[in-house]
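Have a look at the structure below, then the notes.
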Amino acid sequence: MTGLSAIELEDVVKEYLSHGEVVQAVKGVTLDIAEGEFFSLLGPSGCGKTTTMRMVAGFEAPTKGLVKLHGHDVTDVPPNKRDVNMVFQSYALFPHMSVWDNVAFGLKQRRTPQEEIRRRVGEMLEIVDLAGREKRRPREMSGGQQQRVALARALVNRPRALLLDEPLGALDLKLRQAMQIELKRIQREVGITFVYVTHDQNEALTMSDRIAVMNDGLVEQLARPRDIYERPATAFVAGFIGTSNLLAGTATGGEMKVRGGRVLVPGHDGEVSVTVRPEKIAIGQDEPGPELSGVRGTVAEVVYLGTYTSYSVSLADGADITVFRQNAHDSLAAAERGDPVWLSWQAQHSYVIGS
Amino acid sequence: MRRGALGDRLLHAYTWLVIVWLSAPIAVMILFGFNDKQSKSNTTWQGFTLRWYAELFEISDLTVALRNSLVIALVSTVITVVLGTMLGLALGRHRFRAKGVTNFLVFAAISTPELVMGASLLSLFVSANVPRDANTVIIAHVLFSLSFVVVTVRARIVTLDLSLEEAARDLGATAWGTFRQVTLPSIMPAVMAGAMLSFALSIDDYVVTSFVNGSTVTFPLWIVGAVKTGIPPQVNVMGTLIFGVGVLIAVANAVVARRRA
């Protein structure tokens, strides 16, 4: 990241007319995406992430607000005059053209000299590992190969930013994981800003420099992956990213009383909601010391999941707490179904949202 | 014997019967183009000759009629394909006022009996004081083949991935460039199918043409006129040639379509 802005959205709103009613798909999004950044828009379907990206590409005009590319207002510039390229969810490869002609398409539109087209298309096919398949038609290739053709077709134009709309959605798990690493490598190699739309939290956490979590047309949180995961800003983010436990109550003197125990919330008073990640919680028979948060409960479910075991523990007030325990040293369970247990975690792992 | 063997054999027999039924008239037409006939009528086999192929253009009225038909079919096909493709694109892609009415008219043009269409066109031309000639025939042929092109192109358009065109725009193509390089090649099979359909409809049309031709004689009109005096073998030869070209085009289209698909 150089700190320069590649893409700026200023209070962008998108309204649709649907069956005579105005629907707001995007309700005022402000983003500042830096040069060379791998930026993800993450959220459930219908949250407005794809619409937001399509406004950057120029396929949708914002109802209100500004879209800027490298400081220039492009809100009214058509897609073919914007210096960004997009990789479509369906790849949108031209079926009647060879791989070579697909990749060369953008350069031909810009009337690039033949010699340069030949050189750049060749180089790009080298980068995406498709050299020697220039004459193939898209339908003769596997999903992963088509994906790489789509990537090459966009990147060969050396856009200032590359927009990717759920590009790995159609691939199976193994291939998707391989392509995630591949995408990161390509992004490092070409040094272009990537804006990545996905509903897959793992994908976003793995690849991104920063993530904007979107819900219902708004950005709920914009932060680095670690902060999104460890310090969710809202209950929605906490629930959407990974598994998380939510505890609520009234805190006095930095301690929140719950039935069967206490939660340490240093520096907070009054009504608070607290999230705790399942892997931060220890499960045991003995009451923890006063330096730890601790609650009593009964094991309701034990699920062995290979690298870890998931415990579901019912508290006295009826809440269920999920705990992950690494199967590091033995495969013996720490507790059986029906056992009374103590759950404990360090104060820093209670993350207070909206106190 | 296997169960259903009788059913299988009946099915075979029936299939061959249908094939013979469909191809017998064509076979007879081709065969009698080689008939060395001496009498006026060309209905009994009298020996093999290539004479009619050599004397193909000896009957000047017939030659003029064939040329008229070919020109009318070509011109009306070109007009039909351009208009029909645009209409099919609009109906398959865009929302606009009177879309429902347009769809209805397209359907109505297909389902209107030719007799009705011919008669109403004639009264229209007469009341508008339009002289009947090759031009009115072309107008009529465009009218009744237009819907077939619209229907085939529209069917293709609605299955076309919208993001293909967006991708072209995204890669810097202008609106026209996108149409020429992406949309048109994608719908080409449907456009070609529509073109062949409208050519075939035009070249053999009798009913509508007979209302609006004025003094212009086309190939089918000439044949019907010659029925009383006897149809000369040259007609068989011309029919054979037209059929042959049609088969060639159909095969070529199938080959191209298979390579594209």
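Heads up, the Cβ atoms here are built off N, Cα and C, so glycines get one too.
Annotations in TrEMBL come from automatic prediction, not curation.
Predicted, not measured: the structure shown is a model, and the values here were computed from it.
For reference, TrEMBL has these:
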DOMAIN    B:66-253  domain 'ABC transmembrane type-1'
TRANSMEM  B:12-34  transmembrane segment
TRANSMEM  B:70-92  transmembrane segment
TRANSMEM  B:104-126  transmembrane segment
TRANSMEM  B:138-162  transmembrane segment
TRANSMEM  B:182-203  transmembrane segment
TRANSMEM  B:237-256  transmembrane segment
(request) Go through B:12-34, B:104-126, B:138-162, B:182-203 and flag the stretch with the largest number of C-beta pairs under 8 Å relative to the transmembrane segment (B:70-92). (result) B:138-162
(request) Please give the sequence-distant neighbours of the transmembrane segment (B:237-256): residues at least 6 beyond its ends with Cβ less than 8 Å from one of its Cβ atoms. (result) 26, 29-30, 33, 52-53, 56, 62, 66, 189, 192-193, 196, 200, 203, 219
(request) Take the transmembrane segment (B:104-126) and find every residue of the same chain, 6 or more past its ends, with a Cβ under 8 Å from one of its Cβ atoms. (result) 87, 91, 132, 136, 139-140, 143-144, 146-148, 150-151, 205, 207-212
(message) Using Cβ atoms and a strict cutoff of less than 8 Å, what residues sit near the transmembrane segment (B:12-34) while being 6 or more residues removed from its termini?
(response) 42-43, 45, 48-50, 52-53, 233, 236-237, 239-240, 243
